[in-house]
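A.B. asks: For reference, the structure I am asking about is given below.
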Amino acid sequence: MDPSKFRPSSAYDSPFLTTNAGGPVYNNVSSLTVGPRGPVLLEDYHLIEKLATFDRERIPERVVHARGASAKGFFEVTHDISHLTCADFLRAPGVQTPVIVRFSTVVHERGSPESLRDIRGFAVKFYTREGNFDLVGNNVPVFFNRDAKSFPDTIRALKPNPKSHIQEYWRILDFFSFLPESLHTFAWFFDDVCLPINYRHMEGYGVHAYQLINKAGKAHYVKFHWKPTCGVKCMTEEEAIRVGGTNHSHATKDLYDSIAVGNYPEWKLSIHIMDPEDVERFDFDPLDVTKIWPEDILPLMPVGRLVLNRNIDNFFAENEQLAFNPGHIVPGLYYSEDKLLQTRIFAYADTQRHRIGPNYMQLPVNAPKCAHHNNHRDGAMNFMHRDEEVDYLPSRFDPCRHAEQYPIPSRVLNGRREMCVIEKENNFKQAGERYRSWEPDRQDRYVSKWVEHLSDPRVTYEIRSIWISYLSQADKSCGQKVASRLTLKPTM
């Protein structure tokens, strides 16, 4: 169906102002009163409708990624990977797919300065011929916790104190002291990359491992990596304070203005590929979202390019109501066993139904651009006009049938029902390797962030000692530097 045929009239359809019901409005300034100074009458229908509509203009903000900006464009395949996947939108070089991309900060609220230290969201919706594929990632390749049972607590710890509504690092460091696997993400969070100069100059990662499946049914694990063609640029703390004090929407403005003048942002997409049979070769679990895949062993393969060449037409309709879901995949792609990814498949759809409504997938920005059909019907704010008599399947009166089968990974799984920690935690090695890859001045900025936040008077000696231990296990000299500036001895 074409949603535009059934949408309410807009101001452009009539030469004069009307109510929602189409009735003419001849005075949009003065309320209906008893005399010039009398009480306002409830029978002023236009006034009541106008106020009631205004009261309901806003929807609940996202629990995470509330502050964001969107843009449209296309993804173009530049390198043949048809031997790895049967996904139609990746079928051959030159194939283009329309996309919408949303950049965001993770923790901070809608309207907060875009210059604050935070992980940035990098979410891409591909409108393919086989349905939507949502690659919902960030500008860092890892996350704080590997199991979704800790996710609500993770976000609560990062968000403001519920009593004062102030973000406080004593809460953050207290909670994550129980999650040693979080140190690797802090090696990104306290690094320069979490102060990107804008959205155009930051990398993007799919974060989770997915699977690519070819026509023969052979599956490979895959990780996605976006690299900006204009390079990665970050701010110092001082620059971030200055930029945020000048314009709290600097990154949104930069993105919008760049596209408006034809300076289109572009990213190259590359992938890591891993044969499932090689998973046990590593000293870490490759499906652990707190780990990266080493490029020297699993080099990046080029796939395509992402170009953003159109600004959105309506911020509310195409940014606030834009909804992503890691569960949206297409034939030739599949999920991995990553515990956090598995639970995001449920959580994202659930939060969109709460935030936007049960029929959020009918909104033009979320609906697939290919032909689609199912028997999901009615519900609050349904605006799809349907006149068929058969709303079930199968039926001899309706030609709708099952789609042709496509390959999905098939493995024999066995094990006991249990709640357990993965075998290869290896919580500190990659954090240390990242620290040692930096120049001394970058290392010093990282150490300074730890010293700053561990110096909070509400951070106890026990919490400081735990973090010094974690840092020392990642890199002995890093732990010593932080400890010496805190007048604490590192413990192993």
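Sequential numbering from 1, following the chain as shown.
Each Cβ is built from the backbone N, Cα and C atoms, and glycine gets one as well.
Sharing the record's features from Swiss-Prot:
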- His65: active site (ACT_SITE)
- Asn138: active site (ACT_SITE)
- Tyr348: heme binding site (BINDING)
A.B. asks: Based on DSSP, name the secondary structure state of Tyr348 (heme binding site): helix, strand or coil.
C.D. replies: helix
A.B. asks: Going by DSSP, give the three-state secondary structure for Asn138 (active site).
C.D. replies: strand
A.B. asks: Return the residues near His65 (active site), defined as same-chain residues 6+ apart in sequence whose C-beta is under 8 angstroms from its C-beta, sorted by sequence, else 'none'.
C.D. replies: Arg102, Ser104, Thr105, Val106, Gly121, Ala123
A.B. asks: What are the sequence-distant neighbours of Asn138 (active site), meaning same chain, six or more residues apart, C-beta distance under 8 angstroms?
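C.D. replies: When sequence neighbours closer than 6 are ignored, Asn138 (active site) has Val106, Ile119, Arg120, Gly121, Phe122, Gly204, Tyr205, Val207 within Cβ distance under 8 Å.
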A.B. asks: Taking the Cβ of Tyr348 (heme binding site) as centre, how many other Cβ atoms lie within 10 Å?
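C.D. replies: Within a 10 Å radius of the Cβ of Tyr348 (heme binding site) lie 18 other Cβ atoms.
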